[in-house]
Amino acid sequence: MSVLVATLVLFGAFLLLLFLGVPIAISIAVSALATMLLVLPYDQASFVVMQKMNSGIESFTLLAVPLFILAGNIMNNGGIAGRLIRFAQLLTGRLPGSLAQTNVMGNMLFGALSGSAVAAAAAIGGTMNKAQEEQKYPKGFAAAVNIASAPTGLLIPPTAAFIVYSMIAGGVSISALFMAGVVPGILMGLVVMVVAFVHARRYDLPRSSSPSRGEVARITLDALPSLLLILLVVGGIVVGVFTATEGAGIAVLYCLVLSLLYRGLTWASLQRVLISSVATSGIILFLIAASSAMSWVMAYTGIPQAISEALLSVSGSVIVVFLLMNLILLVIGTFMDITPAILIFTPIFLPIVTDLGMDPVHFGVVLIFNMCIGTMTPPVGSVLFVGVSVARTTIEKVAPALVPYLLALVVLLLIVTFVPVLSLGLPGLLGLL
Amino acid sequence: EDSTAATAEHPMVLSLAHSLGDTHPTSKAIKEFAEQVQEDSGGRLTVEIFGSGVLGSETEVIEQVMAGVLDMTRVASPGLGSYEEGFLTFGLPYVFEDEEHFYAAMDSPQMREFFGSTQKAGFVGLTYYTSGARSFYTRGTPVRQPQDLNGLKIRVQDFRSQIELMEALGGTPVVMAFGDVYTALQTGIIDGAESNETALTNSNHGEVAKEFSYTRHTMIPDMLVISTDTWQRLTDADREVADEGGARLDAGPQGGLAHRHRGVDSRWQGDGRHLCRGCRPRRLPQRNPAAGGPVLARASAGGADPAHHRFGPGIGGCRGDGIDPRQDGDDDGARLVGGLPADRHGVSRAVSGVHAVRAR
Amino acid sequence: MTRVKTVMTTVLGWLAAFLLIVMAFLVLFQVFTRYVLDDPASFTEELVRYFLIWTGFIGGAYAFVTRQHMALVFVRDRFGEGPRRWLMAFADGLVLVFALVVIVIGGTQLAIGAWGHPSPLLGVPRGLVYAVAPVAGLFIVLAQVINVWEDVTGKRIPNPHDETADEGAPL
Ligand code: NA
Ligand code: NA
């Protein structure tokens, strides 16, 4: 049985099931099982699938993901978003189109805290929408800015996406990944702000009035506990006072206490938060379980090496291979969500890029950056969908407005890919590499 | 199909998985094993190696071997203890008096018989590998005697036997993945760990651990095992090939791995500069009663629950220290660290391997 | 059938929520024992790992009952009402077959095979750890029977957590 046959069966079955609308986790598991059956008898294949589905999620580190999801959901309901928006307005209110700039800054702060692009797009974009309508912001523009900046929180720590990557990549340091995401994440926000600035001048959108000194102090003080959480959790993990999982546990406790103090959380909303966290965790854990069966069969049949050889036969040039890889990941990102994409493509691309001298931490940033862009693109983009729905408009109206942001972000992606110091500088400085 | 059908054109392919990186000495030895088998069988048997844990953790891979999915694997021997208790014996402190005793015992016919006796559990032991004795290394406190471990948080492998061992010695066991040890040492989540010298060099723990104390409290071999399924499909001649392929590599001073490892080991001992950047190796006399004696005394007197922390009769390593548990006068002593009964079939076989050499 | 769905939604959802809360407590307890008691608990790590497996399978089953698993539906949505129903029935039927043949049957075999193997730290049988998967698999099978029926008839049985469903957006 050749590698080629295995590759064709694995990806052929996977793509077929995927486009037929079979749940992604089941598409992954069934195509993995089909590929195993080429080389193993049924009882052994089902043994491996079940063993890997169990062991794939048997990880203390992985618990950080459900805990960060829980913390983010508590935050969503706990009156933290409004405080962050007022604080963001302090920082960006003097710019033309200040509401759009506030939206970007709000997404960066909220996304940093919650680690969820979708939650940021909904919470910040949803809250900003009414004011933007009142000030006659073009709908497509307002939604595009919200959508393009919502994924910054996937790069700015803490972020569950890096934890999933760290696990799949065989234990790449989470502290290093967290620090590596800081600069690219902030740059992503800045790029969106610059493009929005140009647009706002063209549309001649208004600035906000400057707040009084008393207001500045009050708003800052009000947002301080929320901002402190980032410092506490990320700082604690990076300095090594606690592990990522423990940091996530502390984040849950902190958000819970804060939300209770703000009276943003009722018993009924807490129940909703718990159940919705369980659903999200179940979806992600089940996906990871299924993917570990897939990566077993990929390793067993030698698929990553075969793809690596094929890629390198196109060109031995590092630049060409990295460009090709980004292209593939961008295409994948158009239709696949971030978690399954990390799960499926890390085992394939990581060995290739490390062979070519890319640091696994750097690759993690490049991979997540690609997927950030993927969440904004049709036909399938979770941030796109949420951003469009909170702006009460349609994908057709938003898509053209989104194009300049996407182009700018792709340029930034290439810069992040080919200038490793943007990712590795900060963790290197802190001695984490 | 069995191996009679195998030819040089259509060889029988044996899969072998392990979790070590390419540069690890044992990883290289496994490659040599594969070449040896191919050569000795005239190309009728080939070994396909899956390294770096791509097929799973040691526990997963041994389960895959027992299910017949994979043919062979290399695992740390206490990991086999869940399926054959005899392997827990090797996790006990000071079972081996010194390296001479270790190699003599591991190469003895009795030990070979033990390795071959586990067919029912789903695997057969082909050979063992060693990376040398395990010692304590800490952020700052040298470990000259067990009391020095008091209040120190020491990372141990996640085997119950190793946790109980650490408790018996007076330290506080902390279970964590090996990959987290560097950061944990750096930040003081743990005060130390225990492993062989490769942890300092290959894994760079020497950058954050400043003291390496040659306590040499355990010498835990790795095992190369083959699935019972596969073993039964090999002809007698091919079994010989597989067995010899392994055996030749570890067979005593004149050949192979054991010798090489011993060489590496003594270089480390002889020259502290090889250990790590800035780490001070503490050379303790190997049989120093101050080091070994009290360790055994604590272990055999049994920490929190005396009935469960005994050295059984016949397991020694304490000879000459004046603390022979056999003279303890307590019949309740027939249990080992890890709740391991000394009178079970597998244990007594493993012990007889250790003991036979001692009697010589 | 409405009753069955309501019971499954409630039981699976709260069971997984309970596990999540317990794991959060265990993690905080671990920090507490390390810094306050200066005597780190060694059992939390292994326990959390097992509970996470259980959360994954029970939460995964919950997401099947409430139809929240990620899927690509934009191709399917281009078809007319009739073919779309059959595509949905096919997808849900495939989940049913996988759950029955692999998760329930294969999972039971895995659990039975590992029953005699104690876990390294706590000494609980590995089979017990693995046993949750086939149990969750039974729930998935039941859920998918209802889902296929819904697909074919075009009816939709409500579940008590319908209003939270849209919040379950990953990352
Ligand atoms: Na974040
Ligand atoms: Na997309």
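The first residue you see is number 1, and the count goes up from there.
Cβ coordinates are placed from backbone N, Cα and C, and glycine is handled just like the others.
In TrEMBL, annotation is done automatically, which means it is predicted and not curated.
Features as listed in TrEMBL:
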type	residues	note
DOMAIN	A:11-421	domain 'TRAP C4-dicarboxylate transport system permease DctM subunit'
TRANSMEM	A:6-39	transmembrane segment
TRANSMEM	A:60-85	transmembrane segment
TRANSMEM	A:105-128	transmembrane segment
TRANSMEM	A:140-168	transmembrane segment
TRANSMEM	A:174-198	transmembrane segment
TRANSMEM	A:219-242	transmembrane segment
TRANSMEM	A:248-266	transmembrane segment
TRANSMEM	A:273-298	transmembrane segment
TRANSMEM	A:310-331	transmembrane segment
TRANSMEM	A:338-357	transmembrane segment
TRANSMEM	A:363-390	transmembrane segment
TRANSMEM	A:402-426	transmembrane segment
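Under 8 Å from some Cβ of the transmembrane segment (A:105-128) lie the Cβ atoms of residues 68-69, 71-73, 75-76, 80-82, 84-85, 87-88, 91-92, 99, 142-143, 146-147, 149-154, 156-161, 185-186, 189, 193, 226-227, 229-230, 372, 375, 382-383, 386-387, 390-391, all in the same chain and six or more residues away from its ends. Listed stretches A:60-85, A:140-168, A:219-242, A:310-331, A:402-426 were compared with the transmembrane segment (A:248-266); the greatest number of C-beta pairs under 8 angstroms is found for A:60-85. Segment contact is absent for the transmembrane segment (A:60-85) and the transmembrane segment (A:363-390), given fewer than three CB pairs below 8 angstroms at sequence separation of 6 or more. Residues 117-118, 121-122, 125-126, 129, 143, 146-148, 150-152, 154-155, 159, 161-162, 165-166, 169, 172, 177, 180-181, 184, 188, 326, 329-330, 332-338, 341-342, 345-346, 349-350, 353-354, 398-399, 402, 405-406, 409-410, 412-413, 416-417, 423 of the same chain lie 6 or more positions beyond the ends of the transmembrane segment (A:363-390) yet place their CB under 8 Å from a CB of it. Under 8 Å from some Cβ of the transmembrane segment (A:6-39) lie the Cβ atoms of residues 45-46, 48-49, 53, 283, 286-287, 289-291, 293-294, 296-298, 300-303, 306-307, 336-337, 340, 343-344, all in the same chain and six or more residues away from its ends. When each of A:219-242, A:273-298, A:310-331, A:402-426 is scored by its Cβ pairs under 8 Å to the transmembrane segment (A:140-168), the top-ranked stretch turns out to be A:402-426. The listed stretches are A:174-198, A:219-242, A:310-331; of these, A:174-198 has the most Cβ pairs under 8 Å to the transmembrane segment (A:402-426). Here the transmembrane segment (A:338-357) has long-range neighbours at 24-25, 28, 154, 161, 164-165, 168-169, 284, 287-288, 291, 294-295, 298-299, 303-305, 307-308, 311-312, 318, 321-322, 325, 329, 332, 363, 367-368, 371-372, 374-375, 382, meaning same-chain residues at least 6 beyond its ends whose C-beta is under 8 angstroms from one of its own. Here the transmembrane segment (A:273-298) has Cβ contacts under 8 Å with residues 6, 10, 24-26, 28-29, 31-33, 35-36, 48-49, 52-57, 62, 65-66, 69-70, 73-74, 76-77, 164, 167-168, 265, 304, 339-340, 343-344, 347-348 of the same chain, all six or more residues outside its ends. Within the model, the domain 'TRAP C4-dicarboxylate transport system permease DctM subunit' (A:11-421) carries an average pLDDT of 91.
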